[in-house]
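Novice: Here you go, one structure.
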Amino acid sequence: MVVALTGARIFDGTHILEGRAVILDGARIVGVPLEKDLGAGLKRQPIEGLLAPGFIDTQVNGGGGVLFNDVRTIDGIRTIASAHRAYGTTGLLPTFITDTRERMIEALEAMQDALAARVPGILGIHVEGPFINPERKGVHNPAYMRPMEDEDIAILTSLQQGRTIVTLAPEKNDMAAIARLAASGVLVCAGHTASDYATILEACSHGLRGFTHLYNAMPPLAGREPAVVGAALDSNSTWCGVIVDGHHVSDASLRIAIAAKGKERIMLVTDAMSVTGTDLTKFELHGRTIYRRDGKLTTEDGTLAGSDLDMAAAVRNAVNRLGVAVPDALRMASLYPASFLKLDHELGRIAPNYRASLVLLNDDLTVQRTWIDGAEN
C-alpha cells in the first residue's frame, strides 16, 4: 500500500527538510516530494516530530530479558530485536560473546534461521571472541579464549545471507585468517586486544575493517607507542564503534576521537545486555552476577559488563555530552554504521529506493514510533 507520511521535519541523512513528505510503497521509500505537490488521491498519514533513518546497532548482546549467549534461538533473536525497536533501533546484529565452539555454531544456526524468516530488524550476527586476548578480557571468560583455527573460519563464513562481524585480537591470530575472513565478506574488527600499532596496521593491510568499543579493552595511545587506539585514529580505512554512556569512556576522550578520526568513521553502539527494555536489576553471565545500578552494568568488583544503554540514549548523549550536532549524531547512529556494514545503498538515508526503516523522534530525541521495512512497530 502506498502512503505518504506528512507533517514532520525530515532528516534525510544529509539535511533536515521542512515541508516534505515521505512516500512509502510497501518496504521501500519511493519519494520525498514537497507536501504541496502530493496528489489528492494519495493516502496520507499525519505525523509530528523529526523523521529520521532508523538506528543501526552493530553490537548488542541482548534485550527484553534475553542474552543471546543463553538463548541461541530464533525466538531469542526476535525478543532482542523487539526490545530495541522501542528505542529506535530498526537494524541490529545480535552479539555472541566468548563461549564454546558448540554454542557459537548454535548461535550462527539460529541467526541463519532468523535471516531466512526475515525477523524484523535483524541484519546479521556479531561474534565477539573467543579469538581475543586474555590480557584484555573485560568480562569475557578467559577459559574459552583461543586462537582461530580452520574449522572456526568455516563456521564464521557459514551465513548464507546478512552480515557477519568478528571481533578478534590480531596479535593472537594469523594474519592469513583475517585475510580469509575478509575475502569471504566477514567484517573483521580488533577488540579485546593488547596489540601494538605495527600489528594493527598489518591487520588493516589484511582486511581489518573496524575497532570494537574504541578505548575499552585495548591499550591506550602513548607518545612512543600509539598502540590500538592510535592505530584506530590514524587509519582512514576503518570504522570505530563507541559506547557513549558516560561510564565506558570519558567525554573528552570521545571528543578527541571524533576530532582525530572524523565523525563519518565513528558509529554509536550500545553493547547492551539482557536488561534493555526491562526493569531487571541483575542477570547472570557465565555464572557471574551482573548488577544494574547507577546507569551501568558491573560485576561485584566493579568491572563493566556491557552497558545500560539504548541507541536513542546514545544519540542524546552524543548531542548533550559531546556537543555533536543533531544531524551528525543521527548519522553516527544510522548512515555510518550502514556504511561500515556495506549497506549504505539501502539503509541510513530517507531517499527513493531505500528501505523504509525509520524512526520518529520528539524534539528531545526520544522515540515516538518506528517502522521497519515499511511496517510500523
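Placed from the backbone N, Cα and C atoms, the Cβ positions cover glycine too.
All TrEMBL annotations are machine predictions without curation.
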Novice: For the Zn(2+) site, TrEMBL lists Glu128, His213; sort out which one of His192, His247 goes with them.
Specialist: His192
Novice: According to TrEMBL, Val139, Asn216, Ala217, Arg224, Leu304, Ala305, Gly306 bind substrate; which of His84, His248, His345 is also listed for that site?
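Specialist: My reading of TrEMBL gives His248 as the candidate in that site.
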Novice: Just to be sure I understand the packing, how many Cβ atoms besides its own are within 10 Å of the Cβ of His248 (substrate binding site)?
Specialist: 21
Novice: Restricting to the recorded positions Val139, Arg224, His248, Asp271, Leu304, Ala305, which ones have a CA within 10 Å of the CA of His213 (Zn(2+) binding site)?
Specialist: His248, Asp271
Novice: Relative to the Cα of Ala305 (substrate binding site), which of the recorded positions Glu128, His192, Asp271 have a Cα no more than 10 Å away?
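Specialist: Close recorded positions: Asp271.
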Novice: Could you check which of the recorded positions (Glu128, His192, Asp271) sits closest to Arg224 (substrate binding site), going Cα to Cα?
Specialist: His192
Novice: Among Leu304, Ala305, all listed as binding-site residues, which has the most CB atoms within 10 Å of its CB?
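Specialist: Counting every other Cβ within 10 Å of each candidate, the maximum falls on Ala305.
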